[in-house]
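S.K.: I have a structure I would like to understand better, so I am pasting it below and will then ask my questions one at a time.
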Amino acid sequence: MNKRSARLTRALAATAILAVGVALSGCSSSGAGAASDRPAGVIHVAIYGDTANKVEQQIADTFNKTSKIKVVLDKIPGANYQQKLQTIISTKSAPDVFFNWGGGSIAQFVNAGLLLPLDGFIAQDPKLKSSFLPSVFNSASMGGHDYGIPMRGTQPVMLFSNKQVLAKYNITPPTTWDELLADVTTLKAAGITPIALGGADQWPTLMWYEYVYDRVAGPQLFDKALAGDKSQWTSDASMTALKDIKQLIDAGAFGTNFDSVKFTDGGSPKLLRTGKAAFELMGSWNYSTQQAADPAFAAKDLGYSAFPSIAGGAGNQTDLAGNTNNFYSVIKATRYPNTVRDFLKLMYSDEFVKAQLAIGNLPTTTNTVNFLSTAASPDYATFQYNLVKDANSFQLSWDQAYPQTASTAMHTAVEGYFAGRLDAAGFAAAMQALPIK
Amino acid sequence: MTTLAQGKRTSRRPGGPSVGRPGFAWAVPATVFFGLFAIVPLVFVAILSFTSWNGLGTPQFNGVDNWVALAKDPVMIQSLGITVVLVVLGIVTQTPLSILLGVWAAGHQKNRAVLSAICFVPLLLSSAAISVLWRALIDPNFGIPGELPWLFGNGNLLGSQAGAIGVLTFVGGWQFIPFHTLIYQGAARAIPPVLYQAAQIDGAGTVRSFFNVTIPQLRNSMITSLVLMLVGGLTAFDTVLILTAGGPGTASTNTAYYMYQKAFLGFDFGTASAIALVLAVVATTISLVVVRATGYDKMRSTQEGL
């Protein structure tokens, strides 16, 4: 008996761990209840736990000085943020306000009727909307309602480069696709990986699709596909975009071993920093990544430019892709909506903007421009701010725009086409199979 | 160990039937614990596998939809194959090395104690730490492959299925061989020297003794180690998550990792529960079959007649 149960225990251990979690959250999920069930005297704010928390703490402290109802920050360690949120958000222990990425990261909660439309707040204080750049604000709006107030900073994707390498081979950052292809040929002949790519992380690969599709087809193609028009993926524009990507891969732009390289463990940034690669397409956080590893390199030799245009394409060269911003969204069951509204007002305050700029984030409020000179690296902040301000469209990263349920299959398709396992038709079919709700 | 327990029981038996075997009450704590943390969740998982649930609101029953979809899911079918390959490769590579190391480490010389202590270091590390460590070591540009291009070519170890599975097997071996070595070391130490002396008198050399005395004596330990490898291999997850993330594509997605993907990346808890149930049933069946087929459950000692 004991031996057998020991065997069974072992066999079931993994299952049990998953199951306990599921069962417990299942038990408590009935308690999403009324405002009166919620803790008295405080509002809980769930925040992605990382080094930027010191600013969130500072803002909460400022707010708590004058408010009778206090803000409590719940810092959730970064890597599993979305999972943790998903398991608590329909329970009694749900936060009143929570950090998110807009778009697909909150779509499920909106569909489940858990979020408070902020239209009422905005009617009471129009500055809650007018103080933010519209291309950013809109990525947390759904079905004509606004669900998020921008916080932290915007993270557009840019083409980073190693200035020393470019100078050595007499290259300037490419403004057209043809220039990029020519640079690739030059660099490859010199034995340098033209473009560093953390292919093992998959999302860095996705950035190439986001930009090439935009430049070739304009932002409409993706928007229509996301709205349900799956024929977009097999359209001529889509096929042209895929052909362009293929051309770049076949030219040897990414080297041969990008499938084993990661951004997240420092592999691809190091390629760029050490001059083994000349370019890297990456989110704006690449600056602080490089700065943390080698401040002198970030200050002197790290170049950045907008994504090149593609001749004959429908996209505007000012179009951006990336994480438009982080947002605070509000739970419908919150006990103190007025307190929440007043707290959210701080997200366009001068204090907030200055504190974010000081740690390298770039808020997207209209008053940000007044403080750009106080940023950690003013040139970089100004360049980014102008990119975002002038953007014709700001495409939210595809894996954030689609619902979470689509992310694995999307990453697999993106990686498969780059590695040559999928052809253009196979990629289109995989994208068509993604759930959009 | 088994002999020892049996020996005690036999010697006590004359004292009366009441002191023979402990009553059911002794098993209550274990049974309650097992019921609460294994059986109850298992029942929940079984129920969830017939529902559609994303973690928000109430699970909706959807009949056998999850199961039908899973049976047709090419990734699921492929993942079962990959799981089998990983388990078999794990057993084939780890068992011989563990036996050799274990038998060697069973000697009593001082240097062996020091060397085996070093060899056991991986046992002290968590598998997450081991995976992160190896992920950095196999970086194609800045890790070992970057330094040894004549051996690794362009270092794209994780770019092919064979490479990814090779890496998983290697790191699995590095991590678990010390553990199984420990099992064999203990077992080899327990072999009575009289057997070797008898073999020596009969003219057996070191090699002959190893195959005719040591290996048969390690039989029960081998089965223990085999079952642990089987069940551990079926549920291997952390190394896959950190080293390959199931890639390239889905080429190293084993069933346990696919379950994680469905549950915590895709928030499809219904399908994930169905996969979990498949894993639980397969793991239980395989360990039962192994135990039956090898006669382990007969609790026979390898030292009967000594």
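Just so you know, glycine gets a Cβ as well, placed from its N, Cα and C.
Automatic prediction, not curation, is the source of TrEMBL annotations.
Quick caveat, the model's predicted, so the values are computed rather than measured.
Below are the features listed in TrEMBL for this protein:
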DOMAIN    B:80-290  domain 'ABC transmembrane type-1'
TRANSMEM  B:23-50  transmembrane segment
TRANSMEM  B:80-106  transmembrane segment
TRANSMEM  B:113-137  transmembrane segment
TRANSMEM  B:157-177  transmembrane segment
TRANSMEM  B:226-249  transmembrane segment
TRANSMEM  B:269-291  transmembrane segment
S.K.: Please indicate, using numbers and ranges, the residues of the same chain that are 6 or more beyond the transmembrane segment (B:80-106) and have a C-beta under 8 Å from a C-beta there.
M.R.: 112, 115-116, 119, 165, 168-169, 172-173, 176-177, 180-185, 187-189, 210, 214-215, 218, 222, 225-226, 229-230, 233-234, 236, 251-256
S.K.: State the residues, same chain only, that lie 6 or more residues beyond the ends of the transmembrane segment (B:226-249) and have a CB under 8 A from a CB inside it; answer 'none' if no residue qualifies.
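M.R.: Answer is 83, 86-87, 90-91, 94-95, 127-128, 130-132, 134-135, 158-161, 164, 167-168, 171-172, 175-176, 180, 255-258, 260-261, 279, 282-283, 286-287, 290-291.
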S.K.: Can the transmembrane segment (B:23-50) be said to touch the transmembrane segment (B:157-177) if we require at least 3 CB pairs below 8 Å and skip pairs under 6 apart in sequence?
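M.R.: Output no: the transmembrane segment (B:23-50) is apart from the transmembrane segment (B:157-177).
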S.K.: Could you pull out which residues elsewhere in the chain have a CB under 8 Å from any CB of the transmembrane segment (B:157-177), counting only those six or more residues past its ends?
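M.R.: Contacts of the transmembrane segment (B:157-177) (Cβ under 8 Å, skipping residues fewer than 6 from its ends): 82, 85-86, 89-90, 93-94, 97-98, 101, 122, 125, 127, 130-131, 134, 138, 140, 145, 229, 232-233, 236, 239-240, 243-244, 247-248, 251-252.
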